[in-house]
Structures are given as structure tokens and as C-alpha cells.
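What follows is one structure encoded as C-alpha cells, with my remarks underneath.
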Amino acid sequence: MTSTGKDGGGAQHAQYVGPYRLEKTLGKGQTGLVKLGIHCVTCQKVAIKIVNREKLSESVLMKVEREIAILKLIEHPHVLKLHDVYENKKYLYLVLEHVSGGELFDYLVKKGRLTPKEARKFFRQIISALDFCHSHSICHRDLKPENLLLDERNNIRIADFGMASLQVGDSLLETSCGSPHYACPEVIRGEKYDGRKADVWSCGVILFALLVGALPFDDDNLRQLLEKVKRGVFHMPHFIPPDCQSLLRGMIEVDAARRLTLEHIQKHIWYIGGKNEPEPEQPIPRKVQIRSLPSLEDIDPDVLDSMHSLGCFRDRNKLLQDLLSEEENQEKMIYFLLLDRKERYPSHEDEDLPPRNEIDPPRKRVDSPMLNRHGKRRPERKSMEVLSVTDGGSPVPARRAIEMAQHGQRSRSISGASSGLSTSPLSSPRVTPHPSPRGSPLPTPKGTPVHTPKESPAGTPNPTPPSSPSVGGVPWRTRLNSIKNSFLGSPRFHRRKLQVPTPEEMSNLTPESSPELGHLQLFGNPVSKVRSVAMELVILVQTLAYTSFRLLGTFLPVRYLRHSVLSRPPERARLVLRGAPCTHMGPVWNMVGMAYTQNPPIMGETGVYGSQWVMSSAPSKHYTSLGLSVPSPSCSLSPSLFPFCAPDTTNCMEVMTGRLSKCGTPLSNFFDVIKQLFSDEKNGQAAQAPSTPAKRSAHGPLGDSAAAGPGGDTEYPMGKDMAKMGPPAARREQP
């Protein structure tokens, strides 16, 4: 743990773990404190579990490493997620998902007891997550309301896998662990036991506590409590539904052989009752191809270390022998599950860390050079300085080069789960296996090669960084996925709600606010079902507020379009527009963002602002964050950065309009209006000097009063007419 700040009296010290600033203490676990962490750029909240290496024994530290490896195996909506792992000589930091609802224990104490309907909701989510764990041979062994957290929507998150164990095949567990009130009789007797059966008993005790508000076995004397658990005799209140009583008796059964399994529980009449109640969210099945490993060189060292941390593969030679075997086995299944996790969520070095001086700062566990899915070793990742000079990557802004020289190269160790958090891709390109073709809004450093297109719509040079040669021949779908992944990072970020700006925020939409560009993340993961088209426009105006109202005036007359004004931070203006639902694609969202593309203008001069909108259509739960500002030093129309769009802006607009007009959709009118706005803007810029403000659009009802209009906090009325859209036209693929 590190601290920065002045040493004078009354100075505030800020403690950081990587990009996260440590705040208040959330709780205290068995191995250390849990503190709230806030990302210094994105303001994402996380829970950071701090483990003191010096105060814990080697066996306890091995349990922590086992917890890390187990959390990599589990990806379920009702299991707390692991983002990253940091460490230094004294501490180990686990960056976990933050949930704001607190413990189920506190919720139960507050409400006394729950209704059968609410108890069934929680119970279903617990069983769903536990069934997923058991299918991956993981037993929790410490289930209790204190380890069940609630998110902002009162959904369950199973936490604290410090006691969890991997139970392979028909083997039995020996370690007696857990809480006496929730432990099964065979664990208390010190016998070998089935971890899956022990978890079922604990779930039965939890369900009883939810319905009754008290525990089935309780006593102030620990010896008496253990005797009650061994006998398994408890009082069943009359207000518990009869069907639920039979379920409880089947789960809280002393004889482990007669105890219900998770399969029987999920088929029980009380569990499947309540037809109008929503089913627990099911995770996307992970199908991993198990292939043969020809030699030891083909085994990933990070995955091998993670498997060794699980505890059940302590014989390293036997583990290697099983992995190299031609037959499919449990060891190979776990190996390829961990390898799949590492492939999908690679852990990279941090960028854009706050400037600070520490003797022993926490360092992120990053991936070592590893093998890809085809058995070929990937080249070692290089630092940003090397990429900018040798491999033709995006040039590093001067600000980033200075910061990286101050911080130095981050150390590399065992792989940890990656949160994928990044700052704005405009200000600091992210190191990824596939270089991202993104530019920088900041001035290009001296000595960095640039090229100028032969023709520029505005007649001015348009210096851009040279494109990376490594992505030239890759199909556009692969490049699109690479761009989306570098934009969004790991899907494991905590989703943030969009805030409607206050009048003060909208009144401060001026270039003097800040030249820094923030990163906007709207929704969840990018999925293949999302269909989107993107456009960008660079406008010469004096204030950003004028640009906002001008575009807003363009959107107002479009039918079937609902919109609201967003802003974060104040120097960026955004609009979210919701169109009519499509028959096959679902609701249509349009994101419009505006930000500086050059330095803030001096009073009396014009400023250059970039505007991009993205129309995406998908089921509501699949919406992705595609509303990112596009940098462009040019004062003219610029080609879209998305590779599936036409290289020419006007042609791209024609492609989008034609594609949508085939559906007969009301949104085709929207693109017609925008296309006309583009045409007027292009003609206006061609007739004027680059320093002259562009003509105001005549399409919007705001007219010349747009710049002096009301505060941007006004939420305009949403359209009442919601028309059905026809089937979408096929996407036009371009190489």
C-alpha cells in the first residue's frame, strides 16, 4: 500500500493500488481488510482485499492463491468477480467487484424474515451459482448469509472463496472448515466428506434462516451447538409452506447419502413454483475445446502455476503427465478452462497511473509471454516507448511519454485476472496484442513519422499516424472485435449509471473546462448480435454548447425519436437517442458525442470539435458502449474509424441510409436529415476560410438562437409514437 501527499501537518494522504485510490474500509475478512477503491480516471468502484503477507502463515497464503485460481474458473452472474491482482513485498491486493447492497445477513436482520416469494428468489440465485461451481468441481464450504452479498438490484453475489476447494472426481475432502451453525454433521465429526453434500446442507440452513429469521441450530455453548447439529433435530415453524418444509427436511438431512442433490432441488415443486417469478439469470455456457499438448513447451506457465495453487494438484510431475496424456481427463479440462480465461481477459500493464513516488509500489500481476490457442508462442509485449518507435504503432503523446519515463517499466509476474479498465483511448493508447488504429487528439511528438493524404476536403493537411502493418490483411470482423475490445476492455467493469447534467454543468460547456478527454462506458459486453453503424463530423464553431444545440436542433423534427442530453465531464456534450423498436433487432440507440479535437480556442477564435454518433441495435441487455469521441486534426469531414464503414464519409452515409431505407424504417428519415446537415456543413466549409465559423443549420428549430439557448439540462419530451420497424437489411461486408 502506498501513500502520496505532503508530509506537512493536516495534509491529506491518498493511498493507491495501481490506478485505484483507497477509500473507506468496507469490512474485515479472515485474511485481511477490504477497502473501497475508486479508479482515478473512470471513477469505477471496486472492493480491494488487502492481505498482509508478513502476518500470515505460508498455509494461509496458499489458500489466498487458491482463492485467486478458483475465482478465475468461475464466471457467473451471481458470483463475485475478480478483476486484478496486485502485490508488493508486504501486501497482496485482490481487486474484486464492488456491490453496494451489503450482506444478506444485514438485510435479513433488518427485515426479520422474508416472504416465501422473496426467499425463493434469493434461494434460486444461490442454487444457480452453486450448481455452476459444482459443475466445475469447486465446493465453497463456507456458505452463510455473511458471505452472500447484494448488488444495487438486490441480486445475490456469492463471495469469500477462501475456504473453497477443488474436488476432483469421486475423491472426498478431509479439512473441517466453515461456520458451526452452517456446517454439516460429517464435517463436525471430522470425517471425510463430499463437499457438494456439505454445500447443500449449508443452503438448507440459509433457506431456513430466510424464511424464519432464526437458525435451525443455535446455542450459546459451542459444545451444545455441535451436538444439536450432529443430531439434526430442529423445530419447523407452522408458517413455512408445506412444500418448502419437505424441501428443508431433504436438505437438512443428517445422512449424507439421503440428502438431496442440487439436481433434485432444482426439480422440487417449491423451487419451480411461482410461475410469474423471473428465473435466475443463467450464464453463457463455456465450451472449451480440449486438445492434445505435444510437449512441455506447449504448456502455459501461468496456467500451470494457477493449477498448482488449487491444492489438489500438488504432485507437479503427475500433473504434467496428465496434461500430456492423449486421453481427456479432469486436469486437462481445468487447464483449458484457465487458459480460455487468460486468452479472453489478458492482463496488461497499467497505464495512466497518477504521478506519485513510492519505494515499493503495488505491481500488477501481468501475463508472461504465453502460447495462443494454436500452440504458437506469442511475441513478448513491448512497452509503449518501443511500440511507438519500432513497430509502427500509434505514436505516444508527449504527456504519456513523460509519465512513462517517470514511472518506469512495471514488473511482470504470475497472471492475474484482468479488469480491462483503461482511460480514454484518445489520450493514451492501450497496449494490446493487436495494435489499435486509434489516433491521439494531442500534438504529435517530434520525430514521429506522419503522413499527409493527397487530398483533404478542407484543403488543409491532415497528419495521421501511420497504420500498423500487422492488421492489414486481417478480415474486418477480426479487426472490429479487436477495436471493440480495446475500447471496452474487460467486461468485468462495474456499470455506471448515466447522469443528466445540471444547469451549471451545461452552462460550463466551454473549451476552458479541461482539455482532457474522459472515457465513456455505457453498457455491458460487446456481443455479436449488436448491429451498428458509425459516423463522425468535425465542426468549426466557437463554443461546444453551440455544437450541442445545433445537433439537437437537427434531431428535434425527426419522428419516432426520443432523446436526452448527457454530459460527462463538462467539456463534452452528448445525446442519447432512442428509436422505434425493430422486429428482429430490438430497440435502436444512437449515441452522439462531441469533444475537442484540438487545443481549446482562444477568445474570439474558432475551435475544432469532433462529433461522432453510433447507431446500435440489439436486445436491451446487449447494449454496448460505442459512443466514443473521434479525434481528427482536420477541419473537414473525416472517414470513420470503424473498418466496416465506407472510407468516404458521404459514401458511408449513403450506405447507412440505403441499408435502413430498405427496411422502411422511420430512422431512415433521421439519416436523411443528418446527411443533409453533412452536405450543408461540407459546402459551408469549402466556401469559408478555416478560421471562419461554419454556417448554422437551417434544419433545426433552434435556428440562430442555438448558441444562446436555454441550459442544456432540459430533457426534451419523448415521442409517443413508437412504430414497428421492418426486418433489417443484411450487413454489407467490406474487406
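Here the Cβ of each residue, glycine as well, is placed from N, Cα and C on the backbone.
Around Gly32 (ATP binding site), taking its Cβ as the centre, 20 other Cβ atoms fall within 10 Å, counting all chains. The ATP binding site annotation in Swiss-Prot covers Leu26, Gly27, Lys28, Gly29, Gln30, Thr31, Gly32, Leu33, Val34, Lys49.
Thr175 (phosphothreonine) carries neither a helix nor a strand DSSP state and counts as coil. The phosphothreonine annotation in Swiss-Prot covers Thr175 (among others).
The phosphothreonine annotation in Swiss-Prot covers Thr261 (among others) and rests on similarity to another entry. In the three-state DSSP assignment, the secondary structure recorded for Thr261 (phosphothreonine) is coil.
Under DSSP, the residues of the domain 'UBA' (298-340) split into helix, strand and coil as follows: 29 helix, 0 strand, 14 coil. The domain 'UBA' annotation in Swiss-Prot covers 298-340.
Residues or ranges marked as region 'Disordered' by Swiss-Prot: 346-476 (among others).
Under the heading compositional bias 'Low complexity', Swiss-Prot lists 411-429.
The phosphothreonine annotation in Swiss-Prot covers Thr460 (among others) and rests on similarity to another entry.
As annotated by Swiss-Prot, phosphothreonine applies to Thr464 (among others).
Residues or ranges marked as region 'Disordered' in Swiss-Prot: 493-514 (among others).
Per Swiss-Prot, phosphothreonine is recorded for Thr510 (among others), and the stated evidence type is similarity to another entry.
The region 'Disordered' feature in Swiss-Prot is assigned to 682-735 (among others).
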Entry from the binding-site residues list Leu26, Val34 having the most other CB atoms no farther than 10 A:
Val34
Mind checking which of Gln30, Thr261 has the fewest other CB atoms within 10 A of its CB? They're the recorded positions.
Gln30
Inside 10 Å of the Cβ of Thr175 (phosphothreonine), count up the other Cβ atoms and send me the figure.
14
Using the centroid of the Cβ atoms of Leu26, Gly27, Lys28, Gly29, Gln30, Thr31, Gly32, Leu33, Val34, Lys49 as reference, list every other same-chain residue with Cβ within 8 Å of it (recorded ATP site), in sequence order.
Ile50
Rounded to the nearest angstrom, how far is the Cα of Thr175 (phosphothreonine) from the Cα of Leu26 (ATP binding site)?
29
Cα-Cα distance linking Lys28 (ATP binding site) and Thr175 (phosphothreonine), given in Å to the nearest integer:
23
Cα separation, Thr261 (phosphothreonine) to Gln30 (ATP binding site) (Å, whole number):
29
